[in-house]
Structures are given as C-alpha cells and as structure tokens.
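Participant: Take a look at this one; I'll ask things after.
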Amino acid sequence: MDYYRKYAAVFLVMLSMFLHSLHSLPDGDLIIQGCPECKLKENKYFSRLGNPVYQCMGCCFSRAYPTPARSKKTMLVPKNITSEATCCVAKSFTKTTVLGYARVENHTECHCSTCYYHKV
C-alpha cells in the first residue's frame, strides 16, 4: 500500500508543478519569445463584428549608456545614465465611435518614433 502512496504523491507533486507553470505563462503567443515587431493588432475590447478597431503594438529601439562627462556639465540635474528610445506609434489613424458614445483612434499604419507617453 505504501508503494502506491509514494507514486500518488509524486504524481500529484508533478501535476501541481505542471499546472503552476502552465498558469504562469502569458496569455496567447506561447511560441513567440521576446518582443514582437511594431505592427497593427486588433483591439478585442473595442472591436465589434464588422467594425474592427486596431492599435499599434510591439517593440522598437531602446538603449541606455553612461552619460558622457561633457554632457553632465550642461545638465541642471546631472544623471549618470542616459537613455534613448523610440516607441511604436500610429503613423496615421481615423476617429471612430465605439460602444455608441466613446470616440477612439483606429490606427491604420504604425512606425517607430518619439515616445510621447512613458510609464513611470
């Protein structure tokens, strides 16, 4: 009887580890690793049958490097690290009404450009 309990315990531990790892994976895109290129993707929240709403999503260029000494001298608040980045933004868009009252931008073309909104 102890023989079967040992295998049952091992099976339950392995099953719980598998379910935990499966639950911790991101939703969808399980095969794609890293960040996808900047492109249009359908916004499932605002899209309705016959009236899809698209938004720009994906990654662009970013890097950080030590601030050169001569640049630090001209800064009001000297910083040791300087960063550069471009964001995936809409090159063109149209305004559309969704849910009967909300006006949103339906992106039609994307490109990598200056970041206007940063997450803090």
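Glycine is treated like the rest: Cβ placed from N, Cα and C.
Given the structure is predicted, the values throughout are model-derived calculations rather than measurements.
From Swiss-Prot, for reference:
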type	residues	note
SIGNAL	1-24	signal peptide
DISULFID	Cys35-Cys59	disulfide bond
DISULFID	Cys38-Cys88	disulfide bond
DISULFID	Cys56-Cys110	disulfide bond
DISULFID	Cys60-Cys112	disulfide bond
CARBOHYD	Asn80	N-linked glycosylation site
DISULFID	Cys87-Cys115	disulfide bond
CARBOHYD	Asn106	N-linked glycosylation site
Participant: I'd like to know which of the glycosylation sites Asn80, Asn106 has the most other Cβ atoms within 10 Å of its Cβ.
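Facilitator: When each Cβ's neighbours within 10 Å are tallied, Asn106 tops the list.
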Participant: Counting across all protein chains present, how many other Cβ atoms fall within 10 Å of the Cβ of Cys35 (disulfide bond)?
Facilitator: 11
Participant: If I take the alpha carbons of Cys35 (disulfide bond) and Cys88 (disulfide bond), what is the distance between them in whole Å?
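Facilitator: Distance between the two Cα atoms comes out at 12 Å.
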Participant: Work out the three-state DSSP category of Cys56 (disulfide bond).
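Facilitator: Going by the DSSP assignment, Cys56 (disulfide bond) falls within a strand, counted as strand.
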Participant: Could you round the CA separation between Cys88 (disulfide bond) and Cys110 (disulfide bond) to a whole angstrom and send it over?
Facilitator: 7
Participant: With the cut-off set at 10 Å between Cβ atoms, which of these disulfide-bonded residues ends up with the most neighbours? Options: Cys59, Cys60, Cys110.
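Facilitator: When each Cβ's neighbours within 10 Å are tallied, Cys110 tops the list.
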Participant: Find, for the listed disulfide-bonded residues Cys56, Cys88, Cys112, Cys115, the residue with the lowest Cβ contact count at a 10 Å cut-off, counting only other Cβ atoms.
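Facilitator: Lowest Cβ count within 10 Å among the disulfide-bonded residues (Cys56, Cys88, Cys112, Cys115) is Cys115.
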Participant: Just how many other Cβ atoms lie inside 10 Å of the Cβ on Cys87 (disulfide bond)?
Facilitator: 19
Participant: What subset of the recorded positions Cys38, Cys87, Asn106, Cys110 lies within 10 angstroms of Cys60 (disulfide bond), using C-alpha positions?
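Facilitator: So the list reads Cys38, Cys87.
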Participant: Output, ordered by sequence, the same-chain residues six or more apart from Cys38 (disulfide bond) with a CB under 8 Å from its CB, or 'none'.
Facilitator: Cys56, Met57, Gly58, Cys59, Cys60, Cys88, Cys110, His111, Cys112
Participant: So, three-state DSSP: helix, strand or coil for Cys35 (disulfide bond)?
Facilitator: coil
